[in-house]
Amino acid sequence: MSGLKQELGLAQGIGLLSTSLLGTGVFAVPALAALVAGNNSLWAWPVLIILVFPIAIVFAILGRHYPSAGGVAHFVGMAFGSRLERVTGWLFLSVIPVGLPAALQIAAGFGQAMFGWHSWQLLLAELGTLALVWYIGTRGASSSANLQTVIAGLIVALIVAIWWAGDIKPANIPFPAPGNIELTGLFAALSVMFWCFVGLEAFAHLASEFKNPERDFPRALMIGLLLAGLVYWGCTVVVLHFDAYGEKMAAAASLPKIVVQLFGVGALWIACVIGYLACFASLNIYIQSFARLVWSQAQHNPDHYLARLSSRHIPNNALNAVLGCCVVSTLVIHALEINLDALIIYANGIFIMIYLLCMLAGCKLLQGRYRLLAVVGGLLCVLLLAMVGWKSLYALIMLAGLWLLLPKRKTPENGITT
């Protein structure tokens, strides 16, 4: 067990996972799914949850039996050795320069909607968000969990308020009959919606900080997954009911438009604040997870700067290093005005590759029906890589490159290189 402070309970874990899954997607993905699949997207959410369940269960069982700040990298190391563990860790960290600045831009975009910010003002908002992540992170996982549980409650409250004010009744939900489902539209929606469930790998890094990881980590993961899926489905119903989607409308503008329609322009700030907090929650759990991964990877040298914990058993040095990388990436991307859309797709391929490595580790570490679920999850990950298409080559090249280029490490006990 790691030296990190064990302070997370079940409710806090549910709040952490549900907000990490909702994140930037809750304001945008339901509108995108409605655009590509129409009413078929109402069936796509339960189908997607069923497909993700094998992967989630494998994460839950591995996290219960092998809780570690190393997350997926730790599972892979136990199954295939320390070299692939390091490769997996660096593969996860390689998302920092692309994924986090993109999420920062989305979060700062709500400031643009509220105050008309542009250019340097948005940059200051992004840097301010990182400062807030640092402040919360130095207070420990419990502080992050408490905040994100509140954010999860606000997101749910917003959707419930829209349902109530919009007088949406179950009889009004336009569920297509099973025989009328268009498979082409369903598959198109699934390919868009999968990214809402990227976040399980980040949550795995917090398993060792639960008070009772064997009992509460799997429960938090499964309940958080179902809660996030229910919120996404509820958002999709709202978007379809108010016809708040289209090729000429920004996907992230759908819920704010509905809020203004129901509650007036004065309520726009409510949607923007909740949207910002949802983005912040996703950013926060990823940055805290990256910090714990960096800390765990530095444990081969306990005297290393990054391997040290604060007096409160928090990896502050690793957190500072991760945030430093985020600041540099944000400044470079702002200066060069880089378009991140294509790069995010490449990053998504890396996430699927990490999921696949976790499933392969599960095939080796687990027994019985859980091993079978790991096999099913692995096949689903291969299918998802195929759906990404040729852009998945980026993840494969990164994996091969890290395997070849990472220097071999000598273990002090026997001098064996890994």
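We count from 1, first residue shown onward.
In case you wondered, yes, glycine gets a Cβ from its N, Cα and C as well.
Summarising the annotation, Swiss-Prot assigns topological domain 'Periplasmic' to 1-15 (among others) and lists a curator's inference as the type of evidence. Secondary structure counts, DSSP: the topological domain 'Periplasmic' (1-15) has 6 helix, 1 strand, 8 coil.
Per-residue confidence over the topological domain 'Cytoplasmic' (37-41) averages out at a pLDDT of 85. What Swiss-Prot records for 37-41 (among others) is topological domain 'Cytoplasmic'.
What Swiss-Prot lists as topological domain 'Periplasmic' is 63-89 (among others), and the listing cites a curator's inference. Beyond its flanks by at least six residues, the topological domain 'Periplasmic' (63-89) meets 1-2, 4, 201-202, 204-210, 213-214, 217-218, 221, 289, 292-293, 295-297, 315, 354, 357-358, 360-362, 364-365, 399, 402-403, 406, 408-409, 411, 418 of its own chain at Cβ-Cβ distances under 8 Å.
Residues or ranges marked as topological domain 'Periplasmic' in Swiss-Prot (evidence: a curator's inference): 135-147 (among others).
Residues 37, 39-40, 42-43, 237, 240-241 of the same chain, all 6+ positions outside the topological domain 'Cytoplasmic' (169-182), place their C-beta atoms under 8 angstroms from a C-beta of that stretch. Annotation source Swiss-Prot lists topological domain 'Cytoplasmic' at 169-182 (among others).
Per Swiss-Prot, topological domain 'Periplasmic' is recorded for 204-219 (among others). With a threshold of 8 Å between CB atoms, the same-chain residues lying at least 6 positions outside the topological domain 'Periplasmic' (204-219) that come near it are 1-2, 4-10, 13, 16, 59-65, 67-72, 75, 141, 285, 288-289, 292-293, 296, 358.
When the topological domain 'Cytoplasmic' (241-257) is classified with DSSP, helix, strand and coil residues number 8 helix, 0 strand, 9 coil. If you look up Swiss-Prot, you'll see 241-257 (among others) marked as topological domain 'Cytoplasmic'.
If you look up Swiss-Prot, you'll see 279-317 (among others) marked as topological domain 'Periplasmic', on the strength of a curator's inference.
Assigned with DSSP, the residues of the topological domain 'Periplasmic' (363-378) fall into helix, strand and coil as follows: 14 helix, 0 strand, 2 coil. Sequence annotations record features per position, and here Swiss-Prot assigns topological domain 'Periplasmic' to 363-378 (among others).
What Swiss-Prot records for 400-418 (among others) is topological domain 'Cytoplasmic', and it gives experimental evidence as the kind of evidence.
Residues or ranges marked as transmembrane segment in Swiss-Prot (evidence: sequence analysis): 16-36 (among others).
The transmembrane segment annotation in Swiss-Prot covers 42-62 (among others) and rests on sequence analysis.
The feature transmembrane segment is assigned by Swiss-Prot to 90-110 (among others), with sequence analysis given as support. Beyond its flanks by at least six residues, the transmembrane segment (90-110) meets 23-24, 71-73, 117, 122-123, 125-126, 129-130, 201, 252, 272-273, 275-276, 279-280, 282-283, 286-287, 290, 293-294, 322, 325-326, 329-330, 333, 340, 343-344, 346-347, 350-351, 353-354, 357, 395, 398-399, 402, 406 of its own chain at Cβ-Cβ distances under 8 Å.
Sequence annotations record features per position, and here Swiss-Prot assigns transmembrane segment to 114-134 (among others).
Positions annotated as transmembrane segment by Swiss-Prot, on the basis of sequence analysis: 148-168 (among others).
Note on the transmembrane segment (183-203): residues 16-17, 20-23, 25-26, 29, 32-33, 36-38, 40-41, 43-45, 47-48, 51-52, 55-56, 59, 71-72, 92, 221, 224-225, 228, 232, 282, 285-286, 289, 348, 351, 354-355, 358, 384, 387 of its chain, located 6 or more positions outside it, place their CB under 8 angstroms from a CB of the stretch. The transmembrane segment annotation in Swiss-Prot covers 183-203 (among others).
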Can at least 3 Cβ pairs under 8 A be found between the transmembrane segment (42-62) and the transmembrane segment (342-362), with each pair 6 or more apart in sequence?
yes
Which stretch from 114-134, 148-168, 258-278, 379-399 shares the most C-beta pairs under 8 Å with the transmembrane segment (16-36)?
148-168
Of the listed stretches 114-134, 148-168, 258-278, 342-362, 379-399, which one has the most C-beta pairs under 8 A with the transmembrane segment (220-240)?
148-168
Given pairs 6 or more apart, does the transmembrane segment (148-168) have at least three Cβ pairs under 8 Å with the transmembrane segment (114-134)?
no
Same chain, outside the topological domain 'Periplasmic' (135-147) by at least 6, Cβ under 8 Å from its Cβ: which residues?
4-5, 7-8, 12-13, 15-16, 206, 209, 281, 284-285, 287-288, 291, 310, 312-314, 316, 319
Could you count the residues of the topological domain 'Cytoplasmic' (169-182) that DSSP puts in helix, in strand and in coil?
6 helix, 0 strand, 8 coil
What else in the chain is close to the topological domain 'Cytoplasmic' (37-41), if you only count residues 6 or more beyond its ends and a Cβ gap under 8 Å?
30, 174-176, 181-182, 185-186, 188-189, 193, 236, 240
